[in-house]
Amino acid sequence: MMHASLSFAFKIIFYEGRNFQGRHWECSSDCMDTFRHFNCCNSIRVSGGHWVAYEKPHYMGYQYILGPGDYPDYHCWMGFNNCIRSCQMYPPYRGSYKMRIYNRPEMMGHTMEFMDDCPNVFDRFHFRDIYSCNVMEGFWIFYEHPNYRGRQFFLRPGEYRACGDWGCHNPMVGSFRRMRTLM
């Protein structure tokens, strides 16, 4: 029963128009395909929880990490277009963070462990490419460019033996940060 009341507090609203105009759809749980609910998405309001929105169905394509707040157009969530076709809510997390990155696939090569944000991977790791990683604790976001810019990739705890495992075809990671949530 506690789970049902928790999920009720988590809500994301997708709007077809900019500035929260036009047809909209409210969602309070994971959705593998939003196509039947709206045609395009030009603004989003997150009134509870933290979400990952995906450009394609089945949690594929560009990823957008969204915390509570208003996103009046797709540029506000660093969107590349107005297409959102699936979404997942992720639970609040208040534990510690730990991740090990590698400059080769299959968790080989040069490695470094992190427990904090990294605004510039090359400055700290001395490599531009992260081919694999092991997220031991917490949720993390990889960004394509330094200073938390460009494409985003959401990582849950687990082993990622190749960059394709987190949805990327290019191992270049410019920065990463811990995905901190408030309860």
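Positions of Cβ are set from backbone N, Cα and C atoms, glycine also.
Here's what TrEMBL has on this protein:
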- 10-48: domain 'Beta/gamma crystallin 'Greek key'' (DOMAIN)
- 49-91: domain 'Beta/gamma crystallin 'Greek key'' (DOMAIN)
- 138-180: domain 'Beta/gamma crystallin 'Greek key'' (DOMAIN)
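When pLDDT values are averaged over the domain 'Beta/gamma crystallin 'Greek key'' (49-91), the model yields 94. Each residue of the domain 'Beta/gamma crystallin 'Greek key'' (138-180) gets a DSSP state, and the totals for helix, strand and coil are 4 helix, 21 strand, 18 coil. Helix, strand and coil content of the domain 'Beta/gamma crystallin 'Greek key'' (10-48), in residues and according to DSSP, is 3 helix, 16 strand, 20 coil.
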